[in-house]
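Student: I'd like to ask you about the structure that follows.
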Amino acid sequence: MAENWTIDDAEELYGVNRWGAGYFSIGANGSIQIAPNHRLPDVTIDMKDVVDEILAEGIQLPAVIRFHDILRSQVEILNETFAKTIEDAGYNARYIGVFPIKVNQMREVVEEIIDAGEPYDYGLEAGSKPELMAVLAYNENPNALTVLNGYKDEDYLTLALLGRQLRRKMIIVIEKYSELEMLIPLAKKLGVEPMIGLRSKMMVRSAGKWAGSSGDRAKFGLSITEILNIVELLKKEDMLHCAKLLHFHIGSQMSDIRKVKEAVSEGARLYAKLVQIGVPLEYLDIGGGLGIDYDGTSSTTDSSRNYSTDEYVADVVYGVKQICDLEEVPHPNLVSESGRAITAHHSCVVTNIVGEIKNTGAQFDITPTEGEHILVSNMRELVNGSDMHPQERYNDAASFKQSAYEAFKLGILSLDEMAKLDTMYWRILSEIHSSLDRESFVFQELEELEDMLASQYLCNFSIFQSAADTWAIGQVLPIVPINRLDEKPEVRCSIVDITCDSDGKLSKYIEGTEISDNIPMHSLRKGEDYHVGMFLTGAYQDVMGDMHNLFGRLTEVHIYCHDDEPGDFYIEEVVPGTSAEKVLETMQYNTDFMAKTVKKSIDREVRKGHIAPREGVKWTDYYEKCLAGSTYLKV
Ligand SMILES: *Cc1c(COP(=O)(O)O)cnc(C)c1O
């Protein structure tokens with residue numbers, strides 16, 4: 001890296017443009033910039049200004065920041081790309097997409113998507129009863145679709161039929177033959193004609209983390225035999241005209257465009273064959289799976305994708321058209337259920353680094369003392385051994401350290417001697433490391449050195465609440481300092497969270513076009529906050545987190561872009577995070593009882609004279625204030 005650090009070097013390192021999808025970049029002032037509206041690429045918001053305003057309003061970090069304009073932009077881009085491609089291709093039907101709310105069920109997110117999608121009759125998808133109840137209340141557009149997936153009971157089906165009574169296009173996607181056996185008598189009893197979808201179990205195997213969503217052993221969907229049996233049953237019941245949609249979903253985050261093409265061929269062929277035998281299908285629903293380039297590598301790694309949205313849409317439109325034309329069937333309306341692609345970019349978590357954990361930090365006086373153990377003097381020779389071969393010096397140090405450990409267990413070494421050995425050991429490792437060029441690492445052990453010497457930056461958040469997929473499935477999420485990007489980051493570190501769980505850490509970082517075990521960040525300055533952003537958290541991460549260690553939901557700040565406002569933005573809403581008392585209540589604690597009990601104990605000590613009465617009142621108030629407060633560190 002260049003001696004004179006510039007923002008180009010920062011870009012090279014953190015890859016903001018590569019994963020930023022045009023929304024995120026590094027400004028000349030060294031701060032992250034956001035251009036949230038795809039129609040106004042020159043209107044940019046400075047992330048540092050946003051954080052400063054949040055802090056000025058007295059809001060504590062960590063916080064989720066939502067850029068509603070990004071959400072709107074993504075809805076517009078997807079719908080307009082389909083519309084344009086359909087026009088260019090001479091495709092004879094329309095695109096009518098739905099947003100699967102499981103990806104982010106936050107009311108404000110769903111409302112914004114519905115509002116932005118209105119001109120395109122963009123609808124919603126639900127996969128459970130509570131989701132269905134939400135979409136019944138929020139998707140009121142009679143021209144938009146409501147697609148209902150997931151396993152269903154009688155209540156689920158009845159609620160769907162209620163939607164039909166309200167003249168909504170509710171499509172009940174049949175996952176199992178038995179659902180249809182339940183639906184037919186119910187619909188007849190209520191006198192409501194259902195719109196039926198059929199979910200096909202696809203033969204194409206997707207790759208990556210969600211490969212199980214397709215293939216013979218997939219959890220969802222109907223085999224060809226089952227589909228034909230369903231067609232027979234519908235015919236017999238005189239309901240074949242209700243079969244409107246063919247659905248498939250081969251898995252989320254499809255990283256390889258070839259799988260998309262294969263799935264489209266299979267699905268379109270099945271659609272055509274069903275139409276030919278008289279099933280009056282009007283819609284072909286290609287499910288979700290449109291990927292996000294989280295790691296910025298544009299590759300087929302699990303956290304990336306090797307195609308653009310334009311390419312995806314073209315493959316769908318032209319792929320379906322070609323097969324329908326060959327089979328001489330009408331072009332179906334195209335439905336997709338992209339969730340990740342709509343929401344991932346719009347939110348991020350901003351937090352602060354609250355401390356540094358260093359192996360090399362503690363120092364002990366290592367001057368020789370009379371009668372010290374031979375292991376100590378051996379190690380001291382290595383401290384002065386800069387002329388040794390680095391590998392040999394490293395091997396010797398590691399071996400002395402191991403022997404010292406054995407000796408300590410046998411009671412041979414004193415505490416002082418152990419502290420000396422430890423200090424010298426880390427000093428030697430640091431010296432070896434700094435004498436080496438990063439590019440010329442030859443020995444694997446020496447590569448490990450970097451990992452051993454990396455600091456741990458203690459970050460005020462919980463992986464389990466805010467980045468569940470990094471822990472559960474090794475997903476990469478970009479993490480970048482909010483500002484100081486015009487300064488060379490000199491500290492190699494990994495990010496650990498504040499839960500008491502050793503799994504509570506990020507283990508994969510974007511470093512250039514590679515994925516590293518640690519990442520360079522800036523050194524912490526006394527008395528100055530160091531803010532980092534974890535980006536692309538809007539899909540799944542926002543809503544899937546749990547309360548491990550009782551860390552609750554984060555405070556949310558909703559930002560709108562407005563070029564008349566200073567800084568081109570304003571805070572539209574602040575949704576407070578879960579207080580300690582709310583989190584405790586979900587675990588069945590009665591916080592009133594807790595406060596009373598603690599107060600009683602304090603009063604007892606006051607009566608005994610151990611605590612002054614005035615102090616007692618203060619302690620009582622303080623406990624109550626903490627119950628009402630945030631679950632995260634206040635810094
Ligand atoms: C999860 C899911 C989706 C959303 O997938 P994305 O990859 O987020 O677009 C769509 N349809 C179904 C049936 C799903 O289960």
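Any Cβ shown, glycine's included, is placed from N, Cα and C.
So TrEMBL says this about it:
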type	residues	note
DOMAIN	95-344	domain 'Orn/DAP/Arg decarboxylase 2 N-terminal'
MOD_RES	Lys102	N6-(pyridoxal phosphate)lysine
DOMAIN	371-450	domain 'Arginine decarboxylase helical bundle'
ACT_SITE	Cys500	active site, proton donor
DOMAIN	581-633	domain 'Arginine decarboxylase C-terminal helical'
Student: Could you give the mean pLDDT over the domain 'Arginine decarboxylase C-terminal helical' (581-633), rounded to a whole number?
Tutor: 97
Student: When neighbour density is defined as the number of other C-beta atoms within 10 angstroms of a residue's C-beta, which of the recorded positions Lys102, Cys500 has the lowest density?
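Tutor: Lowest Cβ count within 10 Å among the recorded positions (Lys102, Cys500) is Cys500.
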Student: Where does Cys500 (active site, proton donor) sit in the DSSP three-state scheme?
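Tutor: Coil, per DSSP.
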Student: Expressed to the nearest Å, what is the distance separating Lys102 (N6-(pyridoxal phosphate)lysine) and Cys500 (active site, proton donor) at their Cα atoms?
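Tutor: Cα-Cα distance, Lys102 (N6-(pyridoxal phosphate)lysine) to Cys500 (active site, proton donor): 29 Å.
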Student: Count up the helix, strand and coil residues in the domain 'Arginine decarboxylase helical bundle' (371-450) according to DSSP, in that order.
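Tutor: Helix, strand and coil residues of the domain 'Arginine decarboxylase helical bundle' (371-450) number 61 helix, 0 strand, 19 coil.
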